[in-house]
Amino acid sequence: MAKCYVMLCSMTHLFLIMGLLPSFAFGNHNYGEALSKSFLFYEAQRSGYLPHDQRVQWRGNSGLMDGKASGVDLVGGYYDAGDNVKFGLPMAFTVTMMSWSIIEYGRQMGESGELSNAMDAVKWGADYLLKAHPEPDVLYGEVGDGNTDHYCWQRPEDMTTSRAAYRIDPSRPGSDLAGETAAAMAAASIVFRKSNPAYAKELLTHAYQLFEFADKYRGKYDSSITVAQKYYRSVSGYADELLWAAAWLYKASNKQYYLNYLGENGDALGGTGWSMTEFGWDVKYAGVQTLAAKFLMQGNAGTHAPVFEKYQEKAENFMCACLGKGNQNIHKSPGGLIFRQRWNNMQFVTSASFLATVYSDYLASARKTLKCSSGSVLPSELLLFAKSQVDYLLGDNPRATSYMVGYGNNYPRQVHHRGSSIVSVKVDPTFVSCRGGYATWFSRKANDPNLLTGAIVGGPDAYDNFADQRDNYEQTEPATYNNAPLIGVLARLHGGQNEYSQLLPVAIPQPKPDAEQKLTPDPAFDIAIEQRETSSWVHKGKTYYRYSAIVTNKSAAKTLKNLKLSVSQLYGSLWGLTKYGDSYVFPAWCNSLLAGKNLEFVYIHSVNSPAVVSVSSYTLV
């Protein structure tokens, strides 16, 4: 494991803003190709039952008993890096950053045909986080442990290591873990607000609970889940995650409480005091400061404006440090790459590039410049900096090496990753033992049998040197949180500047105030969905299950129309509904349900548990 708004402007304003935008041409690299491949990496990292549309075919189902010994379903989620442990803190950060990438650059992802893959990647992680939060004050933060896992070299489909589940609760708090998970669910709720409002509401409800839990029962999660200390130690503590969660909850809910929290606790929790030179799964301050600066530029700070100006000052210190124009600058290699540490340095490259990219667009949208100690800097310089880091990552470096597996001609072939380094279970199902995997597969000097397409490895050292060797885990191990910020930057660079509107953050409508929200239709009151298993059989050694689902219009007098259902965790075929994008709608023979009437659909899949069926949207007339 490795460690807005839409602005309408006159032509005069448009020309003023265009002067703040970059004059360079995009296109030195195929950013669209790199973006597409990034999402394949997430499919390779999936744990649990793989869906029918899984594109990375060398992977199989794994971790199917996760959580069972603790009486909870923890099947699913992502393996964090090259091992088979599910660590909650980096997984939640990955979901937050993927969501932020979509929130800012979802339009560009849509234009490149990758938005549905991006949302699938977020949902795979968010579904697991929901499972990991079975009670308001209980959160499971790890499945498996690094010590036993690292003793073995096995593909996920074969693993015999411990799958113990570790949790936090009021007697064993973890404000950093709960805060980051709250941020992830809040950010993901924005992503699904339009396409799946019921799911978005569920995520936001869990985010509210987790923030309250994190704030009320304060403590570091690795003091409660001690097995995480060697791998994902919370060096920065939990103060940054409390502010980070509050910022995302404000963005997702528009509730004044969370803005007040940022304003009233910014000084005490360090958000207005720390000038940062890094941003990542452990240290969130630069991310908090960037979001707070956006709230200020949007005119939302209100009476807290003096505090938010201090947040912005610290955000700009980070940006200036990236450019080498601050009082405390980030170190760079001779080839120009940000260098923070030997172990998985690329995580800091992608996260800093993302913050620089969004801040460049925030400044351009607000018609402002960056204030550094050396003087004012145009927003275009921030975007040029991000582009330089991405271009280095993709091959413009002294070694002419792409640090994204599968991109370009010269990329790592011996990745420190169990699944990719061992022959696929579908090619050779012979069991790979714990220590046998080291002897047979880890020690091989040959290329990986499975291409881990899209993975961002740890990257070169401070002098641009890199050794493509499987045992060189500091440089050749990938991680989910390396890719998560990068997808936003790739989408932004691929979008280019054909239209000015592409340079603005994608605006997602804010929810209406609470008093109006109560008038919104609630599926829990209007629609009932009942499921039951009706039969099962065995075919070629595999058991299949038939489920019946009944959708009932519970309204006393109104007709149900425009119904859209979300069906997840379905591992087979469905009949009786029509597929419509990522949702299901009424079949051709039935376009509405009268009051009290119902509709049945059926599906067959290979899991002895029902699929998750929820209402995305509907109307009653």
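A Cβ is built for glycine as well, from the same backbone N, Cα and C atoms used for every other residue.
Listed in sequence order, the residues of the same chain lying 6 or more apart from His416 (active site) and placing their CB within less than 8 Å of its CB are Gly82, Val457, Arg470, Asp471, Asn472, Tyr473, Thr476, Glu477, Pro478. TrEMBL lists His416 (among others) with the feature active site.
Sequence-distant contacts (6 or more apart, same chain, Cβ under 8 Å) of Asp468 (active site) comprise Pro412, Arg413, Gln414, Thr476. The active site annotation in TrEMBL covers Asp468 (among others).
For Glu477 (active site), the number of other Cβ atoms no farther than 10 Å from its own Cβ, over all displayed protein chains, is 25. The active site feature in TrEMBL is assigned to Glu477 (among others).
When pLDDT is averaged over the domain 'Carbohydrate binding' (527-608), the result is 84. The domain 'Carbohydrate binding' feature in TrEMBL is assigned to 527-608.
TrEMBL lists 1-27 with the feature signal peptide.
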